[in-house]
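So the structure is just underneath, and the comments pick up after that.
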Amino acid sequence: MGIAEPVVRESFQTEELSIFYGTYEAVKGISLPFAQNTVTALIGPSGCGKSTFLRSLNRMNDDISGSTTKGSIWIDGIDINASGTDVIKLRQKIGMVWQKPNPFYKSIYDNIAFGPKYHGVKGKQALDEIVESSLRRAALWDEVKDRLKDSALALSGGQQQRLCIARALSVNPQILLLDEPASALDPVSTGKVEELIKELKEELRIVIVTHNMQQAARISDYTAYFYLGSLVEYDKTEKVFTNPENQMTQEYIMGRFG
Amino acid sequence: MKPRTADKVATAVIVTFALLIVAILISLLGYILIRGMNHISWDFLTSAPQKIRAGGGVGPQLFNSLFLLVLTLIITVPLGLGAGIFMAEYARPGKLTNFIRLVVEVLSSFPSIIVGLFGLLLIVNTFNLGFSLISGALALTFFNLPLMVRITEQAFRTVPKQQKEAGFALGLSKWKIVTSVLLPVALPTIITGTILSAGRVFGEAAALMFTAGMSSPRLDFSNWNPLSPSSPLNPFRPAETLAVHIWKVNSEGLAPDALQIAAGASAVLVLTVLIFNLAARYFGRFIYRKLTASKRMN
Amino acid sequence: MRVKSKNSRLEKHHIENLVGRIYMSFCVLLLVVIIVSMVYFVASKGIANFVNGEVKISEFLLGTKWAPEADTPSYGAFPFISGSFLVTLLAALIASPLSICAALFMTEIVPGWGKKLLQPVIELLSGIPSVVYGFVGLSVIVPFLRDTLPGQGIGVAAGALVLSVMILPTITSVAADALASLPQNLKESSFALGATRWQTISRVILPTTFPAIMTGVVLGMARAFGEALAVQMVIGNAPFIPHSLFESASTLTSVITLGMGNTTMGSPQNNALWSMALVLMLMTFVFVLLVRMLERRNKI
């Protein structure tokens, strides 16, 4: 494996993280750091465990029966994979956006205000502010500010995806997990989402799963190449894409570029 | 017979039988409505029945049917929602889930007369609630609950699972997700199913004969004190419903116009079921638009 | 649950989840309590006559004489048990071919408007209350039979006819679902071999979907067996085994319907009615079991 055991832990990192479905080991003992204000791209062929790995970072796999996790996920010195963790509170710190936009069947406004309201933000003015700032951060405000009461389902696919990003931002997460967030979008929307990711990394750390090598090269600072549940290579994106250590990484990247 | 000839004959038979079913429905509805409509008037719908003289109405029975339906839904809907949500969102595959599924299946397969008899033993006699609205409503709850559970479970299963994930990722509790994210999406289907089941409840008679009773006391429709025995709202009074009345008039009616009364009451019953069917479709769509605040979705 | 706060303080989301759990458990538990007490109450009343030696099980099940008010009362329920089976089987025999044809019409002959036409028809037929079926049976079918055939009109034939219409929707909708879920390539390969539509239906489609269609038939029979008022209104209610289809007879449900209100709770006659209710309940279990067996076969 490419990295040695770190002496000082990053404030967000995994340590020997393994995920099993029954007896099948989908993710095999992966240790990865995620630095503040960076975008880390997880790449690799389908079924290599990168999405499973991503989902485990906010313990979304808990809900799948028969899945078990070993190892640690450290956030600010606390292992959130330990059994005593309050998973629900944890998830508030870690936002997530999926491949397919999944806005709630509610108005645009309520999509954003729902989370903060639940977590105790009171008063219309405070909520209005959160809605506006979240939508602005997701570069959607100008397009929807006049129809906040409309259904979120009436938005286009690209707008819906940015709404989902705004929704994730509404509860002030420290980490944003993106699972192929642009793969279902048209090129223009994809461009907007990529632009957004670059801006958002100024405020938080982002982990993104993508099949699109150009996208990984464009937006990420670090790249991790997964193969059959193992971490094959991890380094600065520049390095991985121009001069990978591992033959397999090179072949995969070249193949995907070609 | 040659294959081609056989094919033609078979097709003709299939089409004939299928159209026969359509004809049966049309003539059934036509017969009930045409025969009954002649007898339906404002007076018929509001006045009390006569024992031996002609000219009786079905006012109290109609009121009883509607009141009983409301009572039943008030009890059934929350219970059905709870069990249905459990089956759709919480139950993990295993022995317990299979057992509950079997319970729901058996309960929904029981003949309604068995439900009525059980109501007679448990509610009327053991709980000593007598022949009353509340006994009838409880019996109808046993009758309607399994259906309500299924409606709820199926409605929740049609909600995309990404909705749940989105809720989890925001740090919501599972119960909050169920009630505030999934339920609004599932609600149109649940409401449609509930209205359809209401039609079934409205026409049910066998479960009520020995629970809500086969008589209705003289009701004073100006008395709205629910504790007074002559008040229509008193849940502890006996309450013959429209469906039970049709049966009673047919089997032991003494009034000379018994058949006309049965026809009129049948028409009212069938019309109500028709209205429920139409309302279920319309309301489902309407509420969907309302809850999702959508203008473009249909 | 695994989710616990570090300082194990009860927070909002824990309370919510707990409330939800308690509420759901209550509802599910209630379902179980209802079914258990239903079986217990009906069974304990149903076996009362046998336990206190009033009536022998064999006399009840096989005895052909129902004379509870005679000087030496006899409680033979065989006429009613056989009556229930007779009308149920007849109704299934009438309704099944019609329903299967309707299902074929919806899925194979004219899949487009056939479904649009028949779907609402089926829904409305199943929505009509059973007392209304009884009323129409009494005022249309009974006079018709009386005028065209021997007998008084009321009787087994009238009961079976009314029931057959009532179970049409059940069988049709199950059969239509089964036909619609058939893989498309199965039919195509038959057509590709030059088979006509009827050959495809009779040699490929119906044999493949047979268990599923039988599920519908069994569900329909379960409904017919348990139906009380519609049958009671047209069958005539004579406590004998009929010699022809146009003779008056009784079913378990019709005897219970008429007798339960007119007998004293706890009397042997009343308890005999509860024994019949127990037979009805046991038959429900048999029907559920049959459906489950057919469904299992259907999966393979």
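Placement of Cβ uses the backbone N, Cα and C atoms for every residue, glycine included.
The transmembrane segment annotation in TrEMBL covers C:21-43 (among others).
Here TrEMBL flags C:80-105 (among others) as transmembrane segment. Here the transmembrane segment (C:80-105) has Cβ contacts under 8 Å with residues 61, 66, 114, 118, 122, 156-157, 159-161, 163-168, 171-172, 175-176, 178-179, 201, 205-206, 213, 216-217, 220-221, 224-225, 231, 235, 239, 241-242, 245, 249-255, 276, 279 of the same chain, all six or more residues outside its ends.
The domain 'ABC transmembrane type-1' annotation in TrEMBL covers C:81-291.
Taken from TrEMBL, the feature transmembrane segment applies to C:117-142 (among others). Outside the transmembrane segment (C:117-142), and at least 6 residues removed from its termini, the chain residues within Cβ reach (under 8 Å) are 102, 105-106, 153-154, 158-159, 161-162, 165-166, 168-170, 172-173, 176, 227-234.
Per TrEMBL, transmembrane segment is recorded for C:154-180 (among others). Long-range neighbours of the transmembrane segment (C:154-180) within the same chain, counting only residues 6 or more positions beyond its ends whose Cβ lies under 8 Å from a Cβ of the stretch, are 83, 86-88, 90-92, 94-96, 98-100, 102-104, 106-108, 115, 118, 122-123, 125-126, 130, 133-134, 136-137, 141-142, 145, 205, 209, 212-213, 215-217, 219-221, 223-224, 227, 230-231, 234-236, 242, 244-249, 251, 298.
Here TrEMBL flags C:201-222 (among others) as transmembrane segment.
Among the features that TrEMBL reports, transmembrane segment is placed at C:272-291 (among others).
Within its own chain, the transmembrane segment (C:201-222) is flanked in space by residues 88-89, 91-92, 95-96, 99-100, 103-104, 108, 167-168, 170-175, 177-179, 181-182, 186-187, 190, 195, 283-284, 287-288, 290-291, 294-295, 297-298, which lie at least six positions past its ends and keep a Cβ under 8 Å from the stretch.
Within its own chain, the transmembrane segment (C:21-43) is flanked in space by residues 274, 277-278, 281, which lie at least six positions past its ends and keep a Cβ under 8 Å from the stretch. Long-range Cβ contacts of the transmembrane segment (C:272-291) within its own chain (Cβ-Cβ under 8 Å, at least 6 residues beyond either end) map to 39, 42-43, 45-50, 55, 60, 68, 75, 77, 80-81, 215, 218-219, 221-222, 225-226, 252-253, 255-256, 259-260, 263.
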